[in-house]
Ligand SMILES: CC(=O)SCCNC(=O)CCNC(=O)[C@H](O)C(C)(C)COP(=O)(O)OP(=O)(O)OC[C@H]1O[C@@H](n2cnc3c(N)ncnc32)[C@H](O)[C@@H]1OP(=O)(O)O
C-alpha cells in the first residue's frame, strides 16, 4: 500500500477536501452549485490534508475561538471540526497522522485548549480528548407548564425579522457570552455558516431586561395542529437560546410556553442545570428526554490551562499528569486556591491528560473518576481536597454547535 503525507491544505485544494469530508459524513453528492454555497465557509486556513499520490484522502479543520474556563477567563482554543477520511482509506492511521499535525499546530499557535463535538465517542480519547461538557434534551408539556408565583417574571420579548436578526444576534451573543465555563466565542467564520443556516432558518425572539437586550431564542415549529389530532398542537424546537441572567432566561422560557397552537417545547443540548423545571409548579411538566456528551476537550498547554482557572478553598493538591502525545505537558502540578504551578513535590493523584479534561471545567468530580480507576490515588487525603478545588457553582456547557 502506498504511503500518504500530511500537510497544510493549500489555496485551491478546498474543493476536493470538502468533497472527502462531505462523503465521509454521508452528505449529498458534490455539485458546483453546492460548492458555490459552501466555499466561503471552507477556507484553506487552519486545515490539514492527507494526500496520497496527489489526491486528498483525509482532512481536519479548526477555527480559532476563545473558551471560557472557571473563574471567567477565556483561553485561545481551537474548535476542531470538519474531520473525515475517505471510506477506502480508513484504519490506516490517516486520522492519527492528521491529529498529531493539528495538535502540534495548535501548540505552535499558542492555543491552550482544543475542543470538538464527536460524531462517535470511540474516536478521540486516544488523542487526549475527553468529555468536558454535556447537554440534556428537554420537553416541556405546555398544557401542564404553569410558572410558580416566585419564578422570575422576565422582561419583554419581541419577534425580530430575519434580516435584522442576522445582524442583531451575532452582536448580542458577543455581548452576553461566553458567560459560563465551557462556552465559546463565535468568530466570523462560524457566523458565515450560522447567519443563514441557523438564524435564517428559524424564528428569532429577543428578550429585553432593565439594561436592554439580554437574551435571545431561535426556534422553529415542527408538525402542526391537524383535523385528525386537534389536541396535539405543534412542537416548538429550540435551536439556540442564550441569556445574560436568570431573568432573561425565565422571560424566554415563558414566551416559548405561551405561543398558541403549541403542544410542547423541545430543547436539545440545554445545560445540565437549566432551571426551567424548578420554575414550574409541576417540575415533571419538564421532561428530560436524553443526556448527551457535548464538548470533547483537549488540554494542549497544561501549565497555562491549570494556571488560568480559579479553584475553590481547599488544601493544595499535587497532580501528576501524563501526556504521551504532547510530552511537554507531562509532569507534576501543585493546584491550590491561589493558583497552579509546576512542582517537584510528590503527587497525591496521578492521571492522564484526558481525565484531567473531564475535571478541568467542573463536569466530573475527581473522586468519581478515582472510583473508576481513571485517577490513581497515591494519597487518599488528596481526593476530597481535589473535589473541593475543582468544583464549580454551575455545570459547564458549550451551547454552540459546530
Ligand atoms: C470533530 C468532527 O469533525 S467529528 C467527525 C469525524 N468524522 C466522521 O465520523 C466521518 C466518518 N469517519 C471517518 O472519516 C473515519 O473513520 C475517522 C476520521 C473517524 C477515523 O479515521 P481513520 O483514518 O480510520 O483513523 P485511524 O486509522 O487513524 O485510527 C486510529 C485508531 O482509532 C480507531 N478508530 C478510528 N475511527 C474509529 C471509529 N469510528 N470507531 C472506533 N474506532 C475507531 C482505529 O481502529 C485505530 O485504532 P488502533 O490504533 O487501535 O488501530
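Backbone N, Cα and C define each Cβ position, glycine as well.
The following features are taken from TrEMBL:
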{"type": "ACT_SITE", "residues": "124", "note": "active site, proton donor"}
{"type": "ACT_SITE", "residues": "402", "note": "active site, proton acceptor"}
{"type": "BINDING", "residues": "83, 84, 85, 91, 92, 93, 94, 95, 96, 119, 120", "note": "acetyl-CoA binding site"}
{"type": "DOMAIN", "residues": "4-152", "note": "domain 'N-acetyltransferase'"}
Neighbour count check, CB within 10 A, over recorded positions 94, 96, 124, 402; minimum at 96
Other C-beta atoms within 10 angstroms of the C-beta of residue 120 (acetyl-CoA binding site) total 6
So residue 85 (acetyl-CoA binding site), by the Cβ count within 10 Å over all chains shown, scores 22
Checked against DSSP, the composition of the domain 'N-acetyltransferase' (4-152) is 42 helix, 51 strand, 56 coil
Restricting the recorded positions 83, 120, 124 to those with Cβ under 6 angstroms from ligand 1 leaves 83, 120
Between the C-alpha atoms of residue 94 (acetyl-CoA binding site) and the residue listed as 'active site, proton acceptor', the distance in angstrom, to the nearest integer, is 22
Nearest to residue 402 (active site, proton acceptor) by C-alpha distance, among the binding-site residues 83, 85, 92, is 83
Over the domain 'N-acetyltransferase' (4-152) the mean pLDDT stands at 97
Rounded Cα distance, in Å, between residue 83 (acetyl-CoA binding site) and residue 124 (active site, proton donor) is 11
As a whole number of Å, the Cα atom of residue 124 (active site, proton donor) is distant from the Cα atom of residue 92 (acetyl-CoA binding site) by 16
Taking all protein chains shown into account, the Cβ-based neighbour count within 10 Å for residue 92 (acetyl-CoA binding site) is 17
Pairwise CA distances across 83, 84, 85, 91, 92, 93, 94, 95, 96, 119, 120 (listed as binding acetyl-CoA) top out, in Å, at 19
